[in-house]
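A short write-up of the structure that comes next.
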Amino acid sequence: METFKSILHEAQRIVVLTGAGMSTESGIPDFRSAGGIWTEDASRMEAMSLDYFLSYPRLFWPKFKELFQMKMSGSFEPNEGHLLLAELEKQGKQVDIFTQNIDGLHKKAGSRHVYELHGSIQTAACPACGARYDLPHLLEREVPECTAAGNNGDICGTVLKTDVVLFGDAVMHFDTLYEKLDQADLLLVIGTSLEVAPARFVPEDASLIPGMKKVIINLEPTYCDSLFDMVIHQKIGEFARSLGMKK
């Protein structure tokens, strides 16, 4: 514990990589764990693919909403782990969070520099005209459409595309992640098994940066624990509470 506090105290530029384990204590399931959305029915991956959306946009949305309806309710709240990262920023540290989660809880906790690698469930855009929409509009109808008016006054009416990165979409912000990593003095990995590319390569690449400290906080061991200076096998909310963090 004291070693971790010392590492945090010395760090001024922190890159954080978070996964599903970051939000499980907020009530959001880990999709890839036992009983998760993908492990229960692998065919769901096909329905959540870019190809499926492009081919059947009106069939896509009911399936998408069924799978993610709990997340779209907006009822989930940040846990102590999210709040800990926001607090580090308040202390004057540069904290850049790169999350594989789509729940928006880092922003809800108050963190300002959040890069959503897999997009956000809170927003969508029109593939035709680029108009953007937030959650209330997406929930108004089973299949959300663009309501923007064109130059001729006609309503666009195109089926919106979620900002969630679908299977077949490109993961976002990885160039920015490596730019920030080159400037950082601490890599903090939280709640991810590091099994999914390209995130799985980050710890190894960080090991090549002179002076970089690396800490992982994850309930289960990962294949690359040996690359880290400190390994903590604990839930992040529980660990944050042990540091005195309260909701």
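FYI, residue positions are counted from 1 along the chain as it appears here.
Yeah, the Cβs are placed from backbone N, Cα and C, and that goes for glycine too.
Look at Swiss-Prot and you will find 1-247 tagged as domain 'Deacetylase sirtuin-type', backed by sequence analysis. Averaged across the domain 'Deacetylase sirtuin-type' (1-247), pLDDT for the predicted model comes to 90.
In the three-state DSSP classification, T192 (NAD(+) binding site) falls within coil. Residues annotated as NAD(+) binding site in Swiss-Prot, with sequence analysis given as evidence: A20, T24, F31, R32, Q100, I102, D103, H118, T192, S193, N218, I236.
Other C-beta atoms found within 10 angstroms of the C-beta of D103 (NAD(+) binding site) number 26, with every protein chain shown included. DSSP assigns D103 (NAD(+) binding site) to coil, not to a helix or a strand. Marked as nicotinamide binding site by Swiss-Prot: F31, I102, D103.
Under the DSSP three-state reduction, H118 (active site, proton acceptor) is assigned to coil, being neither helix nor strand. Residue density at H118 (active site, proton acceptor): 20 other Cβ atoms are found within 10 A of its Cβ, drawing on all protein chains shown. Here Swiss-Prot flags H118 as active site, proton acceptor.
Cβ neighbours of C146 (Zn(2+) binding site) (same chain, under 8 Å, six or more residues apart in sequence): C126, A128, C129, A131, Y133, I155, C156, G157, T158, V159, L160. Positions annotated as Zn(2+) binding site by Swiss-Prot: C126, C129, C146, C156.
Listed recorded positions near I102 (nicotinamide binding site): A20, H118 (candidates A20, H118, T192, N218; Cα-Cα distance within 10 Å). Around the Cβ of T192 (NAD(+) binding site), the same chain contributes L17, T18, G19, A20, G21, M22, Q100, A199, N218, T222, each under 8 angstroms and 6 or more positions distant in sequence.
Take the mean position of the Cβ atoms of C126, C129, C146, C156, the recorded Zn(2+) site; other residues of that chain with a Cβ within 8 Å of it are P127, A128, G130, A131, E145, T147, A148, G157, T158, L160. With a 10 A radius on its CB, Q100 (NAD(+) binding site) counts 19 other CB atoms from all the protein chains.
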